[in-house]
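Take a look at the structure below.
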Amino acid sequence: MSDLSPARTRLALLALALGGFAIGATEFVAMGLLPEIARDLLPDLAGEEPEAAIARAGLLISAYAAGVVVGAPTIAAFAARLPRTRLLMALAAAFTLATLASAVAPTFGTVVAARFVAGLPHGAYFGVAALVAAQLMGPGRRGQAVAYVLSGLAIANVVGVPLITALGQQAGWRIAYVVVAALFGATLLAIALLVPRVPGDPQATVRSELRAFRRPAVWLALGTGALGFGGFFAVYSYISPLATEVTGTASGLVPLVLVVVGLGMTAGNAWGGRLADGGAVRAIFILFAAFAGSLVLLALTASHPAGLFVGGFLVGGSAAALSPAIQTRLMDVAGDSQTIAAAVNHSSLNLGNSLGAALGGAVIAAGWGYVAPTWLGLALCVPGVLLAWAGAALTARSARREALPSTARVPVGAR
């Protein structure tokens, strides 16, 4: 969009990133408030078995993630032709209402249901916002455009999540969700005022978008993301009890732990976007190696405050860097199905969210302790790397086949 001034372009990108900030808040704030949520919604279980109550409260995280898994491909496929700016406004409005419902729902079951609904617009927002950002930033900067939108989510973990967590610990977790709903309202207003009108894809149909799923490389990239982020969320979902029970950190300092992890995510997100523009496959292998090393460091040193903070920073940074790399990889292998490719990455990542939170809760409930989810995350890296390697090999083989002369691809019996 060359007709926009640099200042206007920056404002439009900031409006898109504000939505990412609000999404980061709604997705991650529960992780620092699980003990408070468990005591409020599951008082009997919390009184008898606090660890089991916290593990069950983790279902709120899994429910949100399940909503993302369902909503991203569904909304992206059916809405690819809609004007993208108006679609982003509608998604921000849906976030506002669903987050308010999370704040006022009276029982554990209804809060779980509200969190599922709140997750539905997540992937579509990030996917469509990434496409709009790519148009704003120009050619050759797709990875950085993805990272710019995701930067709001990363910054939320530095500023928004710790502050809202601290507020929730003092005023109640429901107040925390009211604040998050207000952030979504501000996002709706910012998009309406600052983002230029961007049309949808007039050629897109549900069938053409879903055609991406015929490509094996797409499935392999999705699996890579699910396993990588499954490892991250196995750790991050239970970072609060890890800090208080293993490191011995006072509960009032948990927001500081979240700030450090968020700083790592912010730095890693920018790093991952630049690496992805230099080659998504190469970036994924580099980042998995960094993530695995960070998990080992955290697992071995979490009993010491320095280990918790350094390990948390590195785990957050390496995991966040994977997201723009994997999303760029999906857009590389999805052909013309760009809307669904940009969105479905978040289904994959939140399948990992759900998987990691559930498995992390399971190993804690089994009595293996709060460090066990970190080793679980390391175990999930292994199949993630194998899927990334398989996807790279498949793409390379397809490229070699396409490079052959047409006569060389005709079976002998057909000549």
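Going from the start of the chain as shown, residues are counted 1 onward.
Every residue gets a Cβ built from N, Cα and C, even glycine.
Taken from TrEMBL, the feature transmembrane segment applies to 12-34 (among others).
According to TrEMBL, the domain 'Major facilitator superfamily (MFS) profile' annotation covers 12-396. Summarised as a single figure, the pLDDT of the domain 'Major facilitator superfamily (MFS) profile' (12-396) averages 90.
Look at TrEMBL and you will find 54-80 (among others) tagged as transmembrane segment.
Annotation comment: TrEMBL describes 87-106 (among others) as transmembrane segment.
Outside the transmembrane segment (112-134) by six or more residues, the chain places 12-13, 16, 19-20, 23, 26-27, 30, 59-61, 63-76, 79, 84-85, 87-88, 91-92, 94-95, 98-99, 101-102, 105, 141-142, 145-146, 148-150, 195, 198, 327, 338-347, 350 with a CB less than 8 A from a CB of the stretch. Annotated transmembrane segment per TrEMBL: 112-134 (among others), in sequence order.
Look at TrEMBL and you will find 146-169 (among others) tagged as transmembrane segment. A Cβ distance under 8 Å defines the sequence-distant neighbours of the transmembrane segment (146-169), meaning residues of its chain 6+ beyond its ends; these are 13, 16-25, 27-29, 31-33, 36, 126, 129-130, 133-134, 137, 175-176, 179-180, 183, 251-252, 254-256, 258-259, 261-263, 265-266, 268-270, 272-274, 276, 316, 320, 323-324, 327-328, 342.
Annotated transmembrane segment per TrEMBL: 175-196 (among others), in sequence order.
Remote same-chain residues near the transmembrane segment (217-239) are listed as 28, 31-32, 34, 54, 58, 61, 65, 254, 257-258, 261, 284, 288, 291, 295, 298, 312, 315-316, 319, 322-323, 326, 329-330, 333-334, 341, 344-345, 347-357, 359-361, 364, 370, 373-374, 376-381, 383-384, 387-388, 390-391, 394-395, 398 (criterion: CB distance under 8 Å, separation of at least six residues from the stretch ends). According to TrEMBL, the feature transmembrane segment maps to 217-239 (among others).
The annotation transmembrane segment is assigned in TrEMBL to 251-271 (among others).
According to TrEMBL, the feature transmembrane segment maps to 283-302 (among others). Remote same-chain residues near the transmembrane segment (283-302) are listed as 224, 228, 231-232, 235, 242, 246-247, 272, 275-276, 308, 310-312, 314-315, 317-319, 321-322, 325-326, 328-329, 371, 374-375, 377-378, 381, 384-385, 388-389 (criterion: CB distance under 8 Å, separation of at least six residues from the stretch ends).
Feature annotation from TrEMBL assigns transmembrane segment to 308-326 (among others).
Annotation source TrEMBL lists transmembrane segment at 347-369 (among others).
The annotation transmembrane segment is assigned in TrEMBL to 375-396 (among others).
In this chain, the transmembrane segment (251-271) does not touch the transmembrane segment (54-80); fewer than three CB pairs sit within less than 8 A of each other, excluding pairs fewer than 6 residues apart.
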